[in-house]
Structure formats: structure tokens, C-alpha cells
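Lifted from TrEMBL, the feature list:
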- 70-93: transmembrane segment (TRANSMEM)
- 78-477: domain 'Ammonium transporter AmtB-like' (DOMAIN)
- 114-133: transmembrane segment (TRANSMEM)
- 173-193: transmembrane segment (TRANSMEM)
- 200-218: transmembrane segment (TRANSMEM)
- 233-254: transmembrane segment (TRANSMEM)
- 275-292: transmembrane segment (TRANSMEM)
- 312-335: transmembrane segment (TRANSMEM)
- 342-362: transmembrane segment (TRANSMEM)
- 368-384: transmembrane segment (TRANSMEM)
- 396-413: transmembrane segment (TRANSMEM)
- 425-450: transmembrane segment (TRANSMEM)
Amino acid sequence: MLRSLRCPIGQTPGFRWTHFRSSWLMMVLLLGMTGIGTSLASVVSAQDEVATVTEVAEVSDAGGDADLGVGYALDNAVLFLCAVLVLFMQAGFAMVEVGMNSAKNTVNILSKNVMDLSVGALLFFAVGFGLMYPTSYMSEADAEGVSKVFAFGGTGIYTTDDAARTFSPQTDWFFQAVFAATAATIVSGAVAGRMKFTSYLVYSAILTGLVYPISGYWKWGGGWINEMGFQDFAGSAVVHAVGGFAGLAGALFLGPRLGRYTPDGRSVPLPGHNVAFSALGVFILWVGWYGFNPGSQLAFQGTGDIDAVALIAVNTTLAAAAGAFIATFVGWGLFGKPDLTMSLNGALGGLVGITACCDAFTNSMSIVVGGIAGVLVVLAIVALDRLKIDDPVGAFPVHGVCGVWGCMAMGIFPNTHFEGMFEGFVTQSIGTLAICGWSFVTMSVVFGVLKAIGMLRVTPAEEHAGLDISEHGMHAYPSDAIHSGSAA
């Protein structure tokens, strides 16, 4: 029975040296990057201290962690639970992508999502966190001693005697690591059905180990766009647009799936195999966003913080609802019937759009932000189709377009950071352009190199058979294995 799930009936999985060699080289590459990052921690000199992601609280000098009291425990416990919610968003992404794609690519999509979290955690541990927060938890004494610039573990920031902090470094790293994995997994849907698994691992490692940490440093690590006043509360640009524009680069270099467009340019829809999975995935993501946005408050003590968290949660809810509602009716008007996939992407677009500004807008303005995101999602999906850019799940419209919109909304409408209309428009434009450009250009180079050496896309025969069997040698559903065996 187990064999029927892994290969067609009557066929035995055979050993292929080329498969073994590519997977072995991939493992060596990832381990090498991890080792290099950890080694650099002991030799790279420390930089001038910059602001860390955590808010530093004034506490008594009388003792260590035991004297931090209930507030310290509360902040760590709540942030940990928020991080778990964000981690579980990986399940939501997996279900959305699986449902909107062919059944023959299910195993491949799930494998990519598992690897996004696995590779992302290891690379963010080894180099990413240090690049994003280069002097976090460093004291003046540390600057004269062993550098903590690059690595978190081993010689990195695994401990501290500084009582003036609100979070354990371990909790802080965990919360940031699941954000990095979220940015990486956005691309999976945009490249579904035609990208080699080994190349996807290369992409995932580079995005979580380099691309995302650098853009994150520019804003949240005290970098140049933060200094100029750029606002992105929980990552409309830093997380979502980074993933969205990386996905656009991947879709462009890969080209459309077989059969997606006729030779004369006519669009041929390739519907997913289970829209129920996609709906479940969106609900999981919606729930996970209550860790993503409210968790980014990073403080959960006192009436001020609790009021802020409640505002963020309500704004998140209203934006998602408005996005789904408006996208439904825009799609209805364009296509003649209400399209569930447009409703689902509208909800996600509203969530992405409000992520940058959920702390700064009123409830009513959050509805406006989410509603406009719902319009943009539908129009962007139609525009990509007209341009013959194949994005099976709408990753770029949701995360790229709405990520940009969320940051630009901060610079257009009055809020707690910019008091007048268009007051922050230039600042928000520069920061958003820098982040999106960094992701798109860097990942275009990566995808371009992979394409040039023949590693990017599977063969037409492998794509026709499905990546489950051609890349992984197994089926997601027993009925597929039986049918494949009968056909053989």
C-alpha cells in the first residue's frame, strides 16, 4: 500500500546517480552556507550599535531575569504565541497553493513549503538574523571582544546578562525567523508546476539568508530607510512585497505553464483541483495574521499597549473583510459571476495592505485600505493574464501589488505618523521602491543564472507527468497512483 503512494503500480523506484548527486550537492551547499555564517561570527568586527527590534524597558538593577517579573514573562509568552500563529501560516500558504494548482503537483508544493520553513530557520539562524540586526544584544564590552554580527547560535547571541530588556533573545529570534520563512514561501505559488526542486532550495536559501535580512535591516534594524522616516509596521513591503516581487521575477524567468496560453496568445485557464483547500488555507492565514500584526506591537503590558493591540486586531479584521467583499463584486462585474478565488485573494490582499499601517489608521480608514486592496488584486490578476505572466495563485497581485499599496497608503492618508495628506508620500515611495527593487533585481540575477545553466525549469515531459512523480517519485492521492499504474 505504501509503495502505491510513492510510485506507479508495477514500477520500482530506481537509483539514479544524477538525482543523488544533485541532492548531495544541495545539502553540501546549505550546510556550507550555515557553517560559513557561524564561522564569520568569530572574525567579523562589530559595527556601531543600532536600535534593536525589541523595545528596551527600564527595569531595576537589583538582579537578573528573576527581577524582570510578570511583565517580562507576559511579553515573552504573548510574543511566543504570536510567533506560533505566524509559523502556522505556512499551513495556510500550503493549502492555498495546493488547492489552486493541479493535483499532480501537490507533493511538490507541500515539499517546498516544508523546506521554506526548514531552510529559512537554519539560514536565518546562521546569517540572517545577524545581518538584519547586526548589533542586537551587544554591550559596549562585546564591541571590544568577539563579534556577534553574523551568527545567532554558538558564538552568537545565545545569552546575555543585560537586565534592561523585555524579551529573551531566543523569543525575539523565533518571532523574526517565522517572518523570514513567510517571505520565502510566498514565491512557491508563483512558480508552481514547473520549477526544479533543487533550484527552489537555492532560491529559498538566498532569500532567507540574504535578501530578506538586508531589506529588513534597512527598516527594522535601524537602516537608512528607517532613518529617513519610512513606515512599515508589520511588513507590507519588508515581508510581503519582498516575496511578491521575488515571485514575479521567478514567473518571468520560468515562463508560463504548458498549455496556459495558445500559440496565438489566447489565455487558457488551468483551474486548481480543490478550491476547498484554498478556502481553508485563507482562513488559516487570516487567523495567523493575528499573530503577524498584533504581535508586531512587541509589548503587551499596560493600557496603552493593550489598546494598541486591540486596534491593530480590529483594523486587520476590517481590512480583510473589505478586501474580500470588494474583490467579490469587482470580479462579479468583470466575469459575470462571483468568483470564490477572487474573494479569497481579496481577503489576502486586504490583510497584506493593512499590515504596514494597522497601528496608524482608524477603523474606518482600514476599511478603505482593504477595499482598495480588493480592487487592486482583481485588476492585477487580469493585467498579468493580459501580459501572459503565469502566476497560478496570484502571489504577485496579493503580496507584491497590495504590499506596495499598504506602504503607499501611509504616505497618502493622514495617520499617526504623517499628519497631512501626502505628507509622507516621498518617503514612503523611496523606501518601497528600494525594497521592491532590491528583491526583484537580486532574485532576477539568481533565477537568470539558474536558467542559464539549465537548472531552473523541468523538462516538458516532466511537467506533463507532474512534479510529484517526476521530482519526488510519489503521488499525493492513492487514486492517482492506481490510475498511473493502470496507464503504464
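Just so it is clear, glycine is given a Cβ too, placed from its N, Cα and C backbone atoms.
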Closest-packing stretch to the transmembrane segment (425-450), where packing means Cβ pairs under 8 Å, from 114-133, 233-254, 368-384: 233-254
Positions on the same chain near the transmembrane segment (70-93), where near means CB under 8 A and six or more residues out: 57, 59, 113, 116-117, 166-168, 171-172, 174-175, 178-179, 181-182, 185-186, 188-189, 281-285, 287-292, 294-295, 298-301
Stretch in 173-193, 200-218, 342-362, 368-384, 396-413 most in contact with the transmembrane segment (233-254), if contact is a CB pair under 8 A: 396-413
Per-residue pLDDT averaged over the domain 'Ammonium transporter AmtB-like' (78-477), given as an integer: 93
